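Undergrad: These came from TrEMBL, pasted as-is:
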type	residues	note
TRANSMEM	18-37	transmembrane segment
TRANSMEM	43-64	transmembrane segment
TRANSMEM	85-102	transmembrane segment
TRANSMEM	137-157	transmembrane segment
TRANSMEM	164-188	transmembrane segment
TRANSMEM	194-212	transmembrane segment
TRANSMEM	224-243	transmembrane segment
Amino acid sequence: MDLLISFARQARDSFRDLIPVILVMAFFQLIVIRQPLPEGTSYVDLIIGLICVLAGLTLFIKGLQLGLFPIGESLAHAFAKKSSVFWLLLFSFALGFGTTIAEPALIAVAGKAAEVIALGGLIDENSQAQSRFAMELRLVVAISVGSAVMLGVLRILKGWPLHYIIITGYVLVMLLTLITPDAIIGIAYDSGGVTTSTITVPLVTALGVGLASSIKGRNPMLDGFGLIALASVMPIIFVLAYGRLTL
């Protein structure tokens, strides 16, 4: 019964979060564009679609609360108790790599990037060359996110200031932008956004907060966050470097 009540409250909160999106779409559809619904789409379809979105959002958020957040925090506590820095860093890298390599948004961006690079004459236009470039790009981004999570965990362990690392990262981004082929620059910048997926963010956040809570002298509010920022800037650096070396 408590679980059902919790789901009902989460559904209410999810619906409240969807209201601005619904209002914006309704305003532009009915007031600005003033066009009928697309052919084959009825108001019943819209209502069913909204119900599906509401149910999916509710289940997703509840799943994070019930499963992923506790798992991430418990793993962080377990590694902290074992005092094994090597295995903690290895797990951090594997977590970042594994959650990124199969990210649907990254797969889509990598595929489009391969098409654009081929049209620009930087790689062959055949499907094999494009598939190879797309896979290489996915691997580069996944390795960069794994490295970012590993660096973030090391920062928590050592107590390094986050802003120094972030500033250094963006300085590297600016320097690499000056010497990297123009065709890869936009792709590199976009790769920093597609990596913060719906799975990576909660797991990595839970790992950072749980680890900071387990280490004496660390403040979860000050030290537990920031991993996602590193996971956003590191792919830009890696993809720019990849483009500089291969294109």
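Cβ coordinates come from backbone N, Cα and C, glycine included.
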Undergrad: Restricting to CB pairs under 8 Å, which listed stretch, 43-64, 137-157, 164-188, 224-243, is in contact most with the transmembrane segment (85-102)?
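TA: Most Cβ pairs under 8 Å with the transmembrane segment (85-102) come from 137-157.
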Undergrad: Is the transmembrane segment (137-157) packed against any residues at least 6 beyond its ends, judged by a Cβ distance under 8 Å, and which are they?
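TA: Same-chain contacts beyond the flanks: 85, 88-89, 92-101, 106-107, 110, 113-114, 165, 187, 191, 194-195, 200, 204, 207-208, 211-212, 215, 218, 223-224, 226-227, 230-231, 233-235, 237-239, 242.
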Undergrad: Need a quick answer: max count of Cβ pairs under 8 Å to the transmembrane segment (164-188), which of 18-37, 43-64, 194-212, 224-243 is it?
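TA: So the stretch in question is 224-243.
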Undergrad: Among the recorded stretches 18-37, 43-64, 224-243, which has the greatest number of Cβ pairs closer than 8 Å to the transmembrane segment (194-212)?
TA: 224-243
Undergrad: In the same chain, which residue numbers or ranges, 6 or more beyond the ends of the transmembrane segment (18-37), come under 8 angstroms Cβ to Cβ?
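TA: Same-chain contacts beyond the ends: 43, 46, 50, 53-54, 57.
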